[in-house]
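Pulled from TrEMBL, these are the features on record:
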type	residues	note
DOMAIN	11-150	domain 'EamA'
TRANSMEM	43-61	transmembrane segment
TRANSMEM	81-99	transmembrane segment
TRANSMEM	105-124	transmembrane segment
TRANSMEM	136-153	transmembrane segment
TRANSMEM	159-180	transmembrane segment
DOMAIN	166-296	domain 'EamA'
TRANSMEM	192-210	transmembrane segment
TRANSMEM	222-243	transmembrane segment
TRANSMEM	255-273	transmembrane segment
TRANSMEM	279-296	transmembrane segment
């Protein structure tokens, strides 16, 4: 039993790490599309969500048949799916890419990764417990690592336009929603099925709001390749892997392992965009690895000593 739990934890950690890597790469490609291909987030995001939704729904029908429609058969499930899809997934996608377009991928990542504090607060309230010292220290290290990696330790990089600041903070709220809210749905339905419906309804909603067909934009071949990348890697792979990880190890650990996203963005920036690494980058990686060490070496006796209500203290 203990071996099974350990394998589940390792699988969940790997999936959330891989999901973060996919997101980091996708965000960098998104910034390239905005800066060099002339795309707009209001054009890109509805198309990205729609294509990813079609792929996942087609896969779901192929694998699960008519059961793909099950989330819509009861009012409670349909309501939760709409909240998850619109307030969580869809708004998060749009706000994240809008933040990147208004500022940079670095600022978008920093603001999005304020979500661990929100997730920890929600989890503690749900469990009626106080955060452990390791949880607080892990989050502090993670936030510091993200800051150092995405700014190179230079305070001058934190000049944030008001619109970008608002979009980034709201994006963090949406990240919290899609990590914490769908627990019941994830226990009843496959991740790919839920993600497919969430992407598809988000696409329809944003298409109605923004009407991207009126923009007159035609992508170049590189633009089409970038769209394919952010759809397949940034949506289909990233969200499916990450939410499967959430299902296996819970939102608290998942969001912390998800800090592989800014680490990936930093590596891509150095290797592909030829921006030199700094001491701030090295310190940022050290913080991230320190955070992961704290999580993976959580003391079992300490977890069992403290309880708040009926819930044991845990990561």
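Numbers here mean position along the shown chain, with the first residue as 1.
Glycine too: its Cβ is placed from the backbone N, Cα and C atoms.
TrEMBL annotations: computationally assigned, not manually curated.
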Considering only Cβ pairs under 8 Å, which range in 105-124, 136-153, 159-180, 222-243 makes the most contacts with the transmembrane segment (279-296)?
136-153
Overall pLDDT of the domain 'EamA' (11-150), taken as the mean:
87
Grab the same-chain neighbours of the transmembrane segment (222-243) for me: Cβ-Cβ under 8 Å, and only residues 6 or more beyond its ends, written as numbers and ranges.
15-16, 18-20, 22-23, 25-27, 29-30, 32-33, 37, 39, 44, 47-49, 51-52, 55-56, 89, 93, 178, 182, 186, 191-192, 194-195, 199, 254, 258
Could you tell me how many residues in the domain 'EamA' (166-296) are helical, how many are strand and how many are coil under DSSP?
111 helix, 0 strand, 20 coil
